[in-house]
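**Student:** I am attaching a structure below and will ask some questions about it afterwards.
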Amino acid sequence: MAGATSSIIRENDFEDELAESMQSYNRETADKLALTRTESVKPEPEITAPPHSRFSRSFKTVLIAQCAFTGFFSTIAGAIYYPVLSVIERKFDIDEELVNVTVVVYFVFQGLAPTFMGGFADSLGRRPVVLVAIVIYFGACIGLACAQTYAQIIVLRCLQAAGISPVIAINSGIMGDVTTRAERGGYVGYVAGFQVLGSAFGALIGAGLSSRWGWRAIFWFLAIGSGICFLASFLILPETKRNISGNGSVTPKSYLNRAPILVLPTVRKSLHLDNPDYETLELPTQLNLLAPFKILKAYEICILMLVAGLQFAMYTTHLTALSTALSKQYHLTVAKVGLCYLPSGICTLCSIVIAGRYLNWNYRRRLKYYQNWLGKKRSKLLEEHDNDLNLVQRIIENDPKYTFNIFKARLQPAFVTLLLSSSGFCAYGWCITVKAPLAAVLCMSGFASLFSNCILTFSTTLIVDLFPTKTSTATGCLNLFRCILSAVFIAALSKMVEKMKFGGVFTFLGALTSSSSILLFILLRKGKELAFKRKKQELGVN
């Protein structure tokens, strides 16, 4: 049973670093073991394993651009709508609470759709689900541009969110397919950073379009843009799911999973399509619509999703409140309201990109420390067990205290960033309440946003690390928490502002988020043991 346990656990992506370090044995120990041998063993020829991914650095750059372009239309659909909330309110003769419902339903379906569509992406492949998602979104945008009643707006906003929202989770899956853990933080950060351009500049774009051509122009813009995005995805987005295309060198059997770009000779040569690495194909993932609920059973995952979800909810609530406050308290035009979203947007973009680069640096630093520590522990165990290499290897592989702490590598700075963003949002709320100069409101909005979305990169990268074969499903669960909590707070925003004013609302949200961040200490101390135990239970290993 011990041997079987070792072979199974070794296959877990969570143990990648352990496998790496086991390959580089201490030179002194190797010399000692060599002295005990009495027979000369002829060395076997070295077999070079195929690379984790055949996608070149330049091709990965293309993937980043395409994923970000697709994800852009998911993030912008929410932000581009904020400047016209007051316009929609007047157009359909509804109150502030009802116009906020159009934002709430968008977040609800933005959370629900990826939770289930992620399973299709993990089993049927990334490419088909992305193409279907864009088509649904394209149709919904045309419908919204032609909508004549409030009810039509509500229904089509639901369809719009359900259509495009899965691509955010699928993009994380694509990055997980083509990257190693050492480089993943940077790539996830870049994709998330460019995706968030929609949130960063969506309000500005929406304000410009609506002030010039009316509120319907924003949906025509989204329809035209998503149509172009569909053509680009259809032509160049390859299938990356490893049970379908391996490391990228295996041509998918289904034509739905084949990108036309693969017929180009340079691409075929680069990906080794004529000499595929079949050994990199993973076992097929069965479609299981209940898989998200199994992921949510994990204690450590629920903690991570709660903390990240509350932070994201506070960020989106601040964006919604900003539109209302600027138009009603500062009496700004739609175009000026859009400009006021720039500080938040630019700081959000900077924070996500910098957070991704930090993750790569911190991962390398902690991995180097871990390998040195493990080398010393291995040498000590060899002395205690008469240089029995196999026994020592089994001990290390089956004791969680010897595993690399991926939670520390990904979440170490999160507590500080959460406290800073919560403080910034609290100050932002009180600036609006006391009608401070507009510059003060925008400075606090930018400061809070600079630290707010770091947790997005930290949590997404960690989720991809923990669920390498179910990345879209797992990221969809994270998205569910974020969007449902956002919907709850935005739905209650107008009532809360009536009772507590903006200052009280954001003080409450800041206190809630800061308090929840304390739970991260559980993950830093016990996360790797919880994940190790969960993985063994999933594999049926005692």
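The backbone N, Cα and C atoms fix where each Cβ goes, glycine too.
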**Student:** Swiss-Prot annotation phosphoserine: which of Ser7, Ser21, Ser211, Ser254 has it?
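**Tutor:** That would be Ser21, per the phosphoserine annotation in Swiss-Prot.
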**Student:** Looking only at what Swiss-Prot records, is Met496 on the same membrane side as Leu290?
**Tutor:** no
**Student:** Could you let me know which of Ser40, Ser245 shows up in Swiss-Prot as phosphoserine?
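**Tutor:** Record lookup in Swiss-Prot returns phosphoserine for Ser40.
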**Student:** Can you dig through Swiss-Prot and tell me which residue of Thr29, Thr38, Thr240, Thr403 is labelled phosphothreonine?
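**Tutor:** Of the listed residues, Swiss-Prot records phosphothreonine for Thr38.
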**Student:** Under 8 Å for C-beta pairs, could you tell me which stretch among 101-121, 188-208, 334-354 has the largest tally with the transmembrane segment (217-237)?
**Tutor:** 188-208
**Student:** Count the Cβ pairs between the transmembrane segment (438-458) and the transmembrane segment (188-208) that lie under 8 angstroms and are 6 or more residues apart in sequence, then report whether there are at least 3.
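**Tutor:** These two segments touch.
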**Student:** Using a Cβ cut-off under 8 Å, which residues of the same chain at least 6 positions beyond either end of the transmembrane segment (101-121) come close to it?
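**Tutor:** Apart from its flanks, the transmembrane segment (101-121) reaches 74, 77-78, 81, 85, 88, 129-130, 133, 153-154, 157-163, 165-166, 168-170, 173, 241, 287-289, 291-292, 316, 320, 470, 472-477, 479-484, 486-487, 490-491.
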**Student:** Please tell me whether the transmembrane segment (301-321) and the transmembrane segment (128-148) touch - that is, whether there are at least 3 C-beta pairs under 8 Å between them, with each pair 6 or more apart in sequence.
**Tutor:** no
